[in-house]
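**Q** Would you mind keeping the following structure in view while I ask a few things?
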């Protein structure tokens, strides 16, 4: 069982720095000559790899994208030393042993599977996350031995974002949008792995191996890896993983028309029939302003999802008992929904909401419904 991730404390950092300083004063020339096992003896809950990685992090090892020359030096080091990462890092000079290990294991190893993801593999990945959580090391070991842990992590994030963008998927819903994919479990498994210390993530590099213990590495693909953009590691294999934005789905959808809001809110709050009135001055059929999936489905975030057949065929007369006239018009930039017969001639208030989102509109409509208010709702979608 993998150890539970645990953040480094200020006291542990102090002990680490003091111990490394002592070893430098005793003759160690750089971090590749330090006995990390000796350092770990001063920190009962940390091993030599934890200490080495933490040291690299807090002492400002070079970060960011790898240059072509660094990759070339890394490849040369692997050919010469195998997976003795301390020796490889000494040749690279600008990166730590653990950075070299991760760069190799996640990007440059010619045995990695960099092929496009298929739908059945996506389903397997989601099932694996449900079983193992976000322990990418175990998922790689048992499910995708040829994929890098970074590739697995990034694909999971991509699927999560696609799920939030997809028409027909309400955030937090349990419905399945693809064959065999349980999107709810994806959301439950989506955590910010990068918040943990680098020494504690699920895809740590293994400890340095001696020349007798590492498997011979094929270098026939090295030139392919470095020889041009067409064969460079894909974006899914890069070392930077962006945390998922839980509000991404709000940024990529058009704001729904007021008719969509009224129809959805009425189905959600039956009491709205009482104040929306019996005659509507707008299109006879719902004109959805949202995107459609391949099957013609529509979706309004935060509201119950209608089936495509229901959503595209419901007359407004089905919402309230009145006569609706007029043909659909798809040219206007704004829509109006008026409870014409119920609008009072007394004092009125105009409330303007910039960039309204469905959740806000739901709350407003609920308050108005409970107050039995007479309202005029309009939306300018310029």
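In case you wondered, yes, glycine gets a Cβ from its N, Cα and C as well.
Note that the structure is a prediction, hence the values are computed from the model and not measured.
Feature list, courtesy of Swiss-Prot:
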- 194-210: compositional bias 'Acidic residues' (COMPBIAS)
- 211-240: compositional bias 'Polar residues' (COMPBIAS)
- 1-57: domain 'Myb-like 1' (DOMAIN)
- 58-108: domain 'Myb-like 2' (DOMAIN)
- 109-160: domain 'Myb-like 3' (DOMAIN)
- 194-240: region 'Disordered' (REGION)
**Q** Average the per-residue pLDDT over the domain 'Myb-like 1' (1-57) and send me the rounded value.
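**A** Across the domain 'Myb-like 1' (1-57), the average pLDDT comes out at 81.
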**Q** What does the DSSP secondary structure composition of the domain 'Myb-like 3' (109-160) look like, as residue counts for helix, strand and coil?
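**A** Helix/strand/coil tally for the domain 'Myb-like 3' (109-160): 33 helix, 0 strand, 19 coil.
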